[in-house]
Amino acid sequence: MRLGSVVLFVAFCSFTAHYIYEPIPEEIEERWKLMLTNSFFRGLSHLADFSELLGLKDYMGVMYFITLLEKVVPLSDEHVSVTEEKFDGVEVVLYQPKQEGHELRRAVIYLHGGGWCLGSSRMSPYDLLARNIVTQLDAVVLSVEYRLAPPHHFPVPYEDVYRVVKHFLQKGVLTQYSVDPGRIAVSGDSAGGNLAAAVTQQLQKEHGQQLKAQALIYPVMQALDLNTPSYQQNQDMPILPRTLMVRFWSEYFTSDKALFRAMMANTHNNYESSNLLKFVNWSAFLPETFHRKYNYSAPTVVKGDGGKDDVGMDGSSRSFADPRASPLLVPDTALHSLPKAYILTCEYDVLRDDGIMYVTRLRAAGVEVTHEHYDKGFHGAMMFTVWPTDFLIARRMTDNYIKWLKKNL
Ligand SMILES: *[C@@H]1O[C@H](CO)[C@@H](O)[C@H](O)[C@H]1NC(C)=O
Ligand SMILES: *[C@@H]1O[C@H](CO)[C@@H](O)[C@H](O)[C@H]1NC(C)=O
């Protein structure tokens with residue numbers, strides 16, 4: 001009996017240790033903290049799979065718990081006045097400096113991450129970042145609560161953001177908040193970086209309207225090639241394994257699992273998207289050092305006429321080749337008059353090469369780009385600022401990002 005419980009106990013401990021322990025590269029700082037953090041994410045992901053399997057709640061519905069866990073009610077403090085508003089029907093959280101200024105202010109429109117399916121501008125790390133920008137730049141921050149997939153597939157999240165940006169840029173609105181029309185930036189992390197890049201392009205295309213800057217933090221830039229060297233190298237890395245990123249991508253467009261399976265196999269390209277593969281050719285756009293041990297092979301293109309029965313997917317599945325979802329898919333002529341850019345990438349991130357390819361393409365088109373690559377960085381690192389999942393690297397990233405905004409906005 002006693003032996004039995006000992007055996008059970010040992011089995012339980014080794015299972016737990018095995019669950020938590022994951023081969024994380026030596027050079028990543030605070031490795032054990034990251035392993036523990038990640039075991040929580042993995043555990044929740046398994047629970048979400050299980051729940052979906054049993055037909056209880058869909059996968060993203062369970063994963064949304066992450067968002068709820070960190071949600072706060074944004075309140076005004078000593079230095080920052082916080083209000084919740086609706087801009088053209090879309091919820092925003094508006095942060096303004098309390099101190100009266102006699103000059104017009106800078107503004108940052110911020111878009112949170114979470115794979116278009118999770119996250120909120122009301123999560124404590126985003127709330128904290130917004131206050132940080134307000135106090136350090138004496139700026140106005142507009143944090144957009146765009147609607148999320150899967151209840152709201154593409155283009156809803158994108159369009160919500162675009163509507164807010166256009167509403168904010170109206171002369172009367174800028175005057176109301178004492179914002180200098182010549183000093184406005186759009187910024188975001190991960191899926192938020194994707195939305196930021198996409199609206200910046202769209203504004204330029206439709207209005208020739210120049211934002212002063214765009215600041216993209218480990219952005220998602222393209223859905224055509226999900227086997228770039230960084231996708232391969234980091235497929236099991238903490239926080240954002242390849243499976244989860246592919247899941248986010250497919251759920252952005254459709255709840256039809258056929259797209260998820262095709263994207264997992266990188267065989268989702270069709271006749272229509274194949275002409276755009278040249279824009280995501282990593283053999284051409286990644287500096288040699290980032291090729292690592294991988295050899296280029298173009299994604300398989302599944303034959304089809306681009307008709308509605310193509311690869312057995314519905315029409316919305318094919319939106320992955322829309323540049324409003326994959327901002328890398330535009331020709332150089334659509335890039336050259338974009339505002340200057342800040343792009344942050346992390347070594348241990350499936351999205352590393354997305355960001356680096358955009359750096360190369362923007363520079364080739366003549367755009368001024370500051371590229372900060374973190375050798376020890378992992379996806380999502382900059383938002384790990386709140387105890388108990390606070391990481392030193394998050395502080396360094398935040399400092400450098402704000403420093404860039406101070407100087408360039
Ligand atoms: C990708 O770029 C390489 C040169 O860097 C070229 O040889 C290859 O044909 C290109 N492939 C595609 C699909 O554009
Ligand atoms: C890449 O190509 C080189 C030269 O053709 C070959 O030696 C190497 O094994 C290839 N690497 C992989 C990972 O396939």
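Backbone N, Cα and C define each Cβ position, glycine as well.
Listed in TrEMBL for this protein:
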type: SIGNAL; residues: 1-17; note: signal peptide
type: DOMAIN; residues: 108-266; note: domain 'Alpha/beta hydrolase fold-3'
type: ACT_SITE; residues: S190; note: active site
type: DOMAIN; residues: 319-382; note: domain 'Alpha/beta hydrolase fold-3'
type: ACT_SITE; residues: D349; note: active site
type: ACT_SITE; residues: H379; note: active site
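Features as recorded by TrEMBL, highlighted on the structure.
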residue: S190; record: active site; DSSP class: coil
residue: D349; record: active site; DSSP class: coil
residue: H379; record: active site; DSSP class: coil
Any idea what the Cα distance is from S190 (active site) over to D349 (active site), rounded to a whole Å? 11
Work out how many Å separate H379 (active site) and D349 (active site) at their Cα atoms, rounded off. 5
For D349 (active site), the same-chain residues 6+ apart in sequence with C-beta under 8 angstroms from its C-beta are Y218, S230, N234, M237, L240, G377, F378, H379
Taking only the active-site residues S190, D349, H379, which have a CB closer than 6 angstroms to any atom that belongs to ligand 2? none
Could you please provide the mean pLDDT value for the domain 'Alpha/beta hydrolase fold-3' (108-266)? 97
Inside 10 Å of the Cβ of H379 (active site), count up the other Cβ atoms and send me the figure. 25
